[in-house]
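Working notes, structure below.
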Amino acid sequence: MAPFVEVCRYKPVPLSLSSLCTCPCRFSPRKSLTLPHFSEKYSNLGLVESKALSRSRFSRIPVNRRVIITAVARAESNQIGDDGNSKEEHSRDQEELEIIEEDSSVDDQKQKSRSQFKKRVIFGIGIGLSVGGIVLAGGWVFTAALAAAVLLSAREYFELVRSKGIAQGMTPPPRYLSRVCSVICALMPILTLYFGHIDISVTSAAFVVAMALLLQRGNPRFSQLSSTMFGLFYCGYLPCFWVKLRCGLTAPVLNTGIGTSWPIILGGQAHWTVGLVAILISFCGIIASDTFAFLGGKAFGKTPLISISPKKTWEGALAGLVGCISITILLSKSLSWPQSLVSIIAFGVLNFFGSVFGDLTESMIKRDAGVKDSGSLIPGHGGILDRVDSYIFTGALAYSFVRLHGV
């Protein structure tokens, strides 16, 4: 029987000539080397010969032509040609690779979330300290800082209005008019500090904007007017109540302990007015509300609060309410305003609902715009509007409470 070589489908590598030569004792010019038919599983075998081999059941190659067959049987398993086992091993390898990729992606997400949380904490502390110093300074320092924040927030708002998500269902106002409205919003806090009220400024601004929209080229749209008027109200009119609260209510808090020890060069006890105490309590209550709501939602959140903000839960909202009232009670007792426990709790509840309502309003705008953040100015926090949304409606509620409660 003529010698034959059976080769498998695994990766072929060249062999030496001596290892493939037939035995000299069996050499005969009449004999031929008989190779069995190669099945499909050996179809990727590489053969080098002087003439192409046919695909018949047997291929006879004369030995005297000294055909050099370069092949290797490189077994990767004990049973050569076992397709079932190789397929199982291949599927197992793929599953292992998928598991490894999933683990690596999960690790990357955890690392990104940690770095994001770290940035959020660092910049949050820096912003909190800066805002605290600005609030304590009051006057033109507070008003100028608020005007700058209003200008940036108004620009982000009108960019959201002009985004693809909102613009598909409405006609946005012209770009030049959006910039003019942003400047008008920034001037409102300054006019409030100078005149003491903002009725005339708001009315004048609304009249000018409405006339500009009506006299523009093309066909004016009601959506342009409504989005612009809401922008003036949302970004310009409502923040002015913080100026009225900080700079307009100048009656001093008499029984506060920190006021008696406050340096005279910084204003002495008269520096601690009702407006300053109220704004400090409101700011701290909003921060406590957001923090406790975030932690409570992470730990116990199961029931969604509202569809426009799927991540918010009733459990987180309840935790935020408890945190806001608790901080309000602690600060009110230490600053000696308000005096009664009922007034303190009512003030904390107003701050909480103003914070939540402002947050949900901005979430609705971003959801319609199809974006996650209003901007990217603050690393880890998004835009300015993302940080001040909880304060927009709270200022009006806090000012109204102080005026109704009395100093």
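Backbone N, Cα and C define each Cβ position, glycine as well.
Sequence annotations record features per position, and here TrEMBL assigns region 'Disordered' to 79-111. The compositional bias 'Basic and acidic residues' annotation in TrEMBL covers 84-94. Look at TrEMBL and you will find 95-106 tagged as compositional bias 'Acidic residues'. If you look up TrEMBL, you'll see 121-154, 194-215, 227-245, 272-295, 316-335, 341-360 marked as transmembrane segment.
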Dominant neighbour of the transmembrane segment (121-154) in 194-215, 227-245, 272-295, 316-335, 341-360, by Cβ pairs under 8 Å: 227-245
Considering the transmembrane segment (227-245), which listed stretch of 194-215, 272-295, 316-335, 341-360 counts the most C-beta pairs under 8 Å: 194-215
Stretch in 194-215, 272-295, 341-360 most in contact with the transmembrane segment (316-335), if contact is a CB pair under 8 A: 272-295
For the transmembrane segment (272-295), distant same-chain residues with Cβ under 8 A (at least six beyond the ends): 128, 131, 135-136, 138, 242, 245-253, 256, 258-259, 262, 312, 316-317, 319-324, 326-328, 331-332, 335, 337, 347-348, 351-352, 354-356, 359, 390-391, 394-395, 398, 401-402, 407
Positions on the same chain near the transmembrane segment (194-215), where near means CB under 8 A and six or more residues out: 173, 177, 180-181, 184, 187-188, 224-225, 228-229, 232-233, 236-237, 240, 244, 248
